Ligand code: GAF
């Protein structure tokens, strides 16, 4: 892979100079969905799939970007002094946004760079290809320009650029997982304080299996922002009766005590999900730590039901995939993962059931939704880094 990327870079931009290579992973969230903008906990892990970048500094202020995933687009040019979002600039708005965010924070870049990108995260699958591209750019800038910036700060800069340059109001989970991932571990992150702990994911007799529905419904961005607004409305009403800063501050019991303060039934259900999902994530991490994978799987299933019924971010195709999985002996847990309205499910499947899982889920999905699901048995990898 490294040789292939290196020669592709030279083919595009020519040889010579200090050419460096980087990697930033995508992520899968095991549990803790739509809690990261509600001051709750998340439990994602970095994948070994992700985005590779090759870069070299230039003498002038030009920026040149090329993606092997979008060869027909060719090289896209920009300039350090002209960092504004531009629809025509397509995917390059992500690295440009991170450059802009570094500048906003006072980091000075004395010259531009040539960049070549290649990603092996399936496109539009909800496994955080854009967050990985943002974090990749951050790690690249830190190393190439010698910036003093920590990995959690790179995650925050990535989120800031996504919110303010690319217009998606996401939380911190995806960028944090990509920056801070650790091989064979999930990250138990308190999104309120950004305190985190690595939890070993020891699934000796089971695997993490991701099923890609290959659908992405158009409401993803608008509905994501609607959910955020509904949670904010609920929080505002709860604040009138109890002293909290975020929905993640409440236990289930406290929520039940104060929930009538939320007038609108829809907002009440959204808040219920945020509160219960946060508590579920705390319990699920404890179960995994105690080696109780079966219990962890039950929490995953409950999470799906809550996302489907109270938060309403699932869709027909995803529900079909999850219900097919639930029926297969040896499936410990299965749920939607990521923002929703399509994308992927994550399942924990006993080793001996993996082949049956692939067969049954693909067959059932084809019959019920007339689509071919893609299934990946994945490994948990490290966070973003320079490749030697
Ligand atoms: C998307 C967002 F980018 C994350 O911040 C998170 O809110 C997730 O949806 C839902 O848990 O991936």
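Keep in mind that glycine also has a Cβ here, set from the backbone N, Cα and C atoms.
Bear in mind that the values here come from a model prediction, so they are computed numbers and not experimental data.
Annotation comment: TrEMBL describes 8-57 as domain 'Galactokinase N-terminal'.
Under the heading site 'Transition state stabilizer', TrEMBL lists 27. In three-state terms derived from DSSP, residue 27 (site 'Transition state stabilizer') belongs to an extended strand segment. For residue 27 (site 'Transition state stabilizer'), the same-chain residues 6+ apart in sequence whose C-beta sits under 8 angstroms from its C-beta are 44, 45, 46, 47, 127, 128, 131, 132, 173, 174, 177, 178, 181.
Spatially close to residue 33 (substrate binding site) yet at least six residues away along the chain are 42, 277, 303, 307, 311, 313, 335, 336, 337, 338, 340, judged by Cβ distances under 8 angstroms. Annotation comment: TrEMBL describes 33, 34, 35, 36, 224 as substrate binding site.
Reduced to three states, the DSSP call for residue 130 (ATP binding site) is helix. The annotation ATP binding site is assigned in TrEMBL to 67, 124, 125, 126, 127, 128, 129, 130.
Per-class residue totals from DSSP over the domain 'GHMP kinase N-terminal' (93-182), listed helix then strand then coil: 51 helix, 8 strand, 31 coil. Residues or ranges marked as domain 'GHMP kinase N-terminal' by TrEMBL: 93-182.
According to TrEMBL, the feature Mg(2+) binding site maps to 130, 162. The number of other Cβ atoms within 10 Å of the Cβ belonging to residue 130 (ATP binding site), over all protein chains shown, comes to 24.
Sequence annotations record features per position, and here TrEMBL assigns active site, proton acceptor to 174. Other C-beta atoms found within 10 angstroms of the C-beta of residue 174 (active site, proton acceptor) number 30, with every protein chain shown included.
DSSP assignment over the domain 'GHMP kinase C-terminal' (285-365) gives 49 helix, 16 strand, 16 coil. Marked as domain 'GHMP kinase C-terminal' by TrEMBL: 285-365.
Highlighted here are the recorded positions (33, 34, 36, 67, 130, 174) whose C-beta falls below 6 Å from ligand 1: 33, 34, 36, 174, in sequence order. Residue 224 (substrate binding site) falls within a helical segment according to DSSP. Note on residue 127 (ATP binding site): other Cβ atoms within 10 Å of its Cβ, all shown chains, come to 28. When the binding-site residues 35, 36, 224 are compared by Cα distance to residue 67 (ATP binding site), the shortest distance belongs to 224.
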